[in-house]
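Right, one structure below, let's go through it.
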């Protein structure tokens with residue numbers, strides 16, 4: 001199987017821009033103006049549907065089609081039936097217990113149209129179908145191979161887990177120093193109410209005591225699009241790894257979270273076994289988040305998204321520089337679409353130390369977060385550096401030995417752990433952003449970003465580490 005993210009070429013232009021390594025060069029980049037046309041770029045899903053690929057598009061996201069295109073589709077479905085291949089409009093369910101190979105032998109592929117981020121994810125099971133699709137679409141669309149793995153910058157250290165002490169007072173009062181403003185905000189009734197917080201991670205243990213009292217909107221994004229006969233369901237959140245549960249606890253845990261009254265929207269996009277994900281899964285996760293945020297009841301509410309994940313610093317073995325750069329630009333467009341939708345993207349800078357910068361933290365659209373301990377010392381692992389004229393990180397957050405929830409054990413015992421990493425610092429800053437958006441919901445995402453940067457507590461220089469504007473605080 002081959003997977004591609006299809007992006008309209010009309011949204012790509014050549015201009016001088018800082019390159020992926022920080023060098024000035026002429027390269028193809030996704031422009032802000034034409035990126036806004038993505039939502040109506042329906043030629044790709046129309047053509048893929050006509051070729052017999054199965055649709056796995058979110059409900060309500062398919063674009064309208066003309067009568068001519070509808071007749072073309074029906075003709076394609078009839079042809080598929082005559083040749084023994086199940087077309088995309090077939091009502092025949094898959095055989096119970098059928099293997100992936102058996103199922104893919106009955107259809108040429110599948111696709112997921114994502115209008116809110118302006119792209120289509122296509123999976124081709126047969127080379128000749130890919131060739132047909134390229135013949136139909138390659139003049140107008142860039143086929144970006146979904147081959148570069150993303151992963152979260154794993155915690156660099158963790159304390160021994162321990163069961164929750166049920167006699168313990170609110171951890172928010174103990175964990176967050178007065179200087180960061182969180183205790184004062186909570187005392188003033190500013191706790192994140194009315195703000196939507198999106199998390200792209202390994203998931204969340206929705207029955208952990210930190211999260212069980214709230215309704216969490218949750219979506220597991222599978223490697224392959226869901227069958228229309230077995231669509232994705234809204235289920236109780238789960239997390240086999242614990243990383244996402246820890247991140248959610250820092251930002252929004254009811255006992256020790258920075259913003260305990262936000263509404264959580266969690267997309268599980270990272271495999272617990274490999275701690276990796278792909279551009280396509282992250283794209284689907286972002287599309288789902290924007291779909292939730294744009295519902296009529298949510299359309300005027302402020303939102304923040306936390307991304308404790310990133311691309312490797314260099315193309316992995318076997319991945320060309322060109323494919324790597326295309327993946328970067330597609331990811332940058334997704335981050336930009338968050339900002340265009342008035343959603344603030346908060347991104348972990350990475351755990352590779354000074355003079356190293358990863359993506360998406362290096363994108364100017366991201367609010368990149370480095371890590372300090374509770375004494376304001378910069379963590380040795382915190383990534384920092386310069387990409388062209390951009391200095392990363394933008395801001396610092398508490399990211400050393402941060403106490404938060406992890407997944408429950410098989411005996412239903414709830415555990416907490418101390419973990420370190422910029423993965424922990426980012427949700428702290430996301431929580432601070434949620435507090436600002438709670439207090440002033442009419443501020444735009446860019447205005448909230450500026451507020452966080454202007455209110456930061458300056459930090460002393462620490463060797464070659466860069467600390468941006470300083471420690472994020474609420475005041």
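Every residue gets a Cβ built from N, Cα and C, even glycine.
According to Swiss-Prot, the protein carries these features:
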REGION    1-27  region 'Disordered'
REGION    57-106  region 'Disordered'
DOMAIN    165-475  domain 'Peptidase S8'
ACT_SITE  201  active site, charge relay system
ACT_SITE  243  active site, charge relay system
ACT_SITE  423  active site, charge relay system
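On the 0 to 100 pLDDT scale, the model's mean across the domain 'Peptidase S8' (165-475) is 88. Taking the Cα atom of each, residue 243 (active site, charge relay system) and residue 201 (active site, charge relay system) are about 7 angstrom apart. Counting in whole angstrom, residue 423 (active site, charge relay system) lies 10 from residue 201 (active site, charge relay system) by their C-alpha atoms.
When secondary structure is read from DSSP and collapsed to three states, residue 423 (active site, charge relay system) falls in the helix class.
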